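To keep things clear, I will list the structure first and then write my remarks on it.
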Amino acid sequence: VIGGDECNINEHRFLVAVYEGTNWTFICGGVLIHPEWVITAEHCARRRMNLVFGMHRKSEKFDDEQERYPKKRYFIRCNKTRTSWDEDIMLIRLNKPVNNSEHIAPLSLPSNPPIVGSDCRVMGWGSINRRIDVLSDEPRCANINLHNFTMCHGLFRKMPKKGRVLCAGDLRGRRDSCNSDSGGPLICNEELHGIVARGPNPCAQPNKPALYTSIYDYRDWVNNVIAGNATCSP
């Protein structure tokens with residue numbers, strides 16, 4: 001996160017650190033939405049993945065940190081791996097549920113559509129340098145605003161005129177999500193309204209907001225998968 005501050009240690013109990021499973025390279029963020037389920041971006045998918053819950057600093061370990069791996073992964077488009085504009089979402093069923101603790105608790109899905117102009121909060125362990133990847137040891141948090149979708153249309157090549165994505169950022173270019181923040185939460189009104197999908201290169205440019213997968217638009221799919229009514233798993 002560019003231009004953010006270290007998150008309060010108690011404000012990100014739902015934030016998940018996603019690692020490549022073989023060499024423990026940090027990949028992305030994710031969000032705990034249920035004791036057994038995590039939501040993240042599809043482009044964060046790797047053959048092997050490890051997920052860490054209750055983490056603050058990567059270099060320190062809390063007593064209540066928990067590690068899990070995917071039991072099953074669900075995508076919107078069953079037999080495809082290529083990411084498209086508005087389907088950058090993945091549900092992960094954990095190998096076993098996590099337990100709520102001082103530093104671990106799920107975040108609610110949105111009950112209403114997001115409102116343009118809303119003050120929202122983005123967080124993650126991603127790059128704190130807009131031009132070269134310098135990952136943060138602790139999660140950084142920044143306040144950004146939701147903008148009209150048309151503001152993002154045209155900023156990204158081949159982007160459709162409509163899509164299930166949110167456009168959010170600081171138009172002065174001071175605060176933004178960045179590389180390796182992907183899959184992490186965009187929180188508005190204390191609900192999960194978006195997950196980091198993609199943004200301008202370099203990050204945090206004036207009048208160039210980033211794109212977030214709109215969770216409200218996938219709410220039914222998420223609930224159906226969790227209820228066992230969907231079979232879209234590779």
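The backbone N, Cα and C atoms fix where each Cβ goes, glycine too.
As written in Swiss-Prot, here are the features:
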ACT_SITE  HIS43  active site, charge relay system
ACT_SITE  ASP88  active site, charge relay system
ACT_SITE  SER182  active site, charge relay system
DISULFID  CYS7-CYS141  disulfide bond
DISULFID  CYS28-CYS44  disulfide bond
DISULFID  CYS78-CYS232  disulfide bond
DISULFID  CYS120-CYS188  disulfide bond
DISULFID  CYS152-CYS167  disulfide bond
DISULFID  CYS178-CYS203  disulfide bond
DOMAIN    1-227  domain 'Peptidase S1'
CARBOHYD  ASN23  N-linked glycosylation site
CARBOHYD  ASN79  N-linked glycosylation site
CARBOHYD  ASN99  N-linked glycosylation site
CARBOHYD  ASN148  N-linked glycosylation site
CARBOHYD  ASN229  N-linked glycosylation site
Most Cβ neighbours inside 10 Å, all chains, among the disulfide-bonded residues CYS7, CYS28, CYS120, CYS203: CYS28
Spatial neighbours of CYS28 (disulfide bond), counting only the recorded positions ASN99, CYS141, SER182, CYS203 and Cα distances within 10 Å: SER182
Inter-residue C-alpha distance, ASN148 (N-linked glycosylation site) and CYS167 (disulfide bond) (nearest angstrom): 7
Reported mean pLDDT - the domain 'Peptidase S1' (1-227): 93
Pairwise Cα distance for ASP88 (active site, charge relay system)/CYS7 (disulfide bond) [Å, integer]: 25
Cα-to-Cα gap, CYS152 (disulfide bond) vs CYS203 (disulfide bond), nearest whole Å: 14
Proximal residue to CYS203 (disulfide bond) among recorded positions HIS43, CYS141, CYS188 (C-alpha distance): CYS141
Cα-to-Cα gap, HIS43 (active site, charge relay system) vs SER182 (active site, charge relay system), nearest whole Å: 8
